[in-house]
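Listed in Swiss-Prot:
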DISULFID  C321-C330  disulfide bond
DISULFID  C324-C345  disulfide bond
DISULFID  C347-C358  disulfide bond
DOMAIN    317-359  domain 'EGF-like'
CARBOHYD  N60  N-linked glycosylation site
CARBOHYD  N77  N-linked glycosylation site
CARBOHYD  N171  N-linked glycosylation site
CARBOHYD  N181  N-linked glycosylation site
CARBOHYD  N268  N-linked glycosylation site
CARBOHYD  N281  N-linked glycosylation site
CARBOHYD  N354  N-linked glycosylation site
CARBOHYD  N411  N-linked glycosylation site
SIGNAL    1-24  signal peptide
Amino acid sequence: MGNKWCGIFLTILLLAQMSQTIFGQNPNIPADDHHGAVPPELVMSAVVLKDGRIANYYINATVIETEFNNNPCPCVNQTELKAERLKVLKLWSAYTNYDQQYILDSYEQFATPDTLPDGTVNQFLHQFVVNGYATYSANSVAAEYALQANDANIHLFSELDPVSVEWQADNITVIYKIITNYTLPGLPGAPILDGFVNTHYVKFVPCKAEIWIDIMTQDSLVSTYLAAAQSNHPASDICDKIQQACTGPNQVYDSYESCLNYMSVVVNHTSFCPTGSLIANSSGCHYFHASSALNYPEIHCQHVRPYDSPTCQDFCLTQGCGNCDSNAECVFVSGSNSIVPKYQCKCKSGYVGNGTHCSPVTCSAQWQCPSEYNYGSCQNGLCGCNSGNGFKWVPDQATVNSHQACQCSENETVQWYNGVPECMPIGRCRYVWQCPQAATQYTSITCTKYGQNALVPFNTCLCNYGYDNLGFSYKCQCSVPKREIWSNVRQGTLCLAPNECTDNYHCASNNCQVQPGQWLGTCAA
């Protein structure tokens, strides 16, 4: 496109962005303009206006998911834009690695702001979604939650896995993985859980490097562990915080006693929604918002009000689990890239069906529950899977008939250890030959323990020194000007910079100078 037409396009783009119409329908709806029941596709967003006031908006997730599938930027150098976005992703992935001020600065620098310079509400309100757990919007609310990744009870250290980056065809979306280490001094035993792999689904503002939407799917072991670690908070603990924070125009209860009456019901309420979520009518959800109200009462007091909290409701009942069989459970649809969480009914172990209708698979002896790898079991008159080693029940009649009811989860493979089958996540190992890189890069990887993590009983497939990435489930990449070369000293293939060496033959001078006690040296001139 010529400079003249580019100039015209950029002028149109600027004017359209000012009116916020160029890239499809504006998904934002002022809460005061919406009347009646709130449909599930509308997500509450608390916007901090220029004067400091809080304004509630509903964000139409359907508009975002359908109106932004094609985002051309004819006058933008796509290579430069992608490089700038990648630079932002590397910094964004690591914002929890430093102090809380660094987190706030990262949100101010990289995430879309609540308002534009002229004071109008941004069409692209920032969304941070932790799949199956909670949604935080807009910028200030998301930043507030991110601060919890760096406090006295938890600390996260993360880095982008550069070879995992997958740019999507819509010109604004990228999917990538980060390697995260969790330090949790606030939980029993003060566990250190290293080497989890979390997946991010990020949308940028069209034609820019501003992060609009960030959807994170946590490693399944993280979700399971945190759900189990979540305690049930007493009604008095919740109401003490509400009494302190929600006063004046933010008051939501007539008295402390009325708060106790309501929260006592919440504490004793058994939610059908998945445990560990902050989008359920649970004491955990109310406690989180009551605690957060101490800093942001305008935002969080509304979430602890009785009966019509915008967030602490059993949303799973309207998002797929409203008609489950009594022998089914509600599960989050893993891998969802939707702003609005999706759930489904799933028959419990020992039953088959579609979740809304579940039929028992009865037995009186184990031989009546055949399964591959001999992992079927008969307990209390129902077929199931032996506990341990990761095999899960698949509630499908055809699968049961083909003796495959006990299977590994997605992204796991069956491996054998001491004559016993086990489900092993791809990228984990007990031996090098189990690594996905082994077929072509056997000498470039090791099967080694990565940090500390009592939840992961396996070693990890790690690339040798110098490679661009850690390894896990991806091939080891060695970018120029580095080169892959065999090291006699290390008995493996390394990725060395031009002046690095471990053996004399690595150098044009045939002289590798290595300091005493070291194995890596530099080539002499």
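From the backbone N, Cα and C atoms, a Cβ is placed for every residue, glycine too.
Since the structure is predicted, the reported quantities are computational estimates derived from the model, not experimental observations.
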Item to complete: Please work out the number of neighbouring Cβ atoms within 10 Å of the Cβ of N354 (N-linked glycosylation site), leaving out its own Cβ.
Response: 14
Worksheet item: Same chain, outside the domain 'EGF-like' (317-359) by at least 6, Cβ under 8 Å from its Cβ: which residues?
Response: 40-41, 43, 59, 61, 64-65, 127, 129, 131-132, 135, 201, 213, 215, 217, 220, 272-274, 279, 379, 382-385, 393, 395-397, 400, 410
Response to the item:
What remains of the recorded positions N268, C324, C345, C347 once a 10 Å Cα-Cα cut-off to N354 (N-linked glycosylation site) is applied is C324, C345, C347
Worksheet item: Which recorded positions (N171, N181, C330, N411) fall within 10 Å of C358 (disulfide bond) by Cα distance?
Response: none
Fill in: Nearest-integer angstrom distance between the alpha carbons (Cα) of C321 (disulfide bond) and C345 (disulfide bond)
5
Worksheet, complete the sentence: In the domain 'EGF-like' (317-359), averaged pLDDT is 91
Worksheet item: Of the recorded positions listed here (N171, C330, N411), which is spatially closest to C324 (disulfide bond) when Cα positions are compared?
Response: C330
Worksheet entry | Largest tally of Cβ atoms lying within 10 Å of a Cβ, found at which of the glycosylation sites N77, N281 | N281
Worksheet, complete the sentence: Candidates N77, N268, C345, C347, N411 (recorded positions) passing the 10 Å Cα cutoff around C330 (disulfide bond) are C345, C347
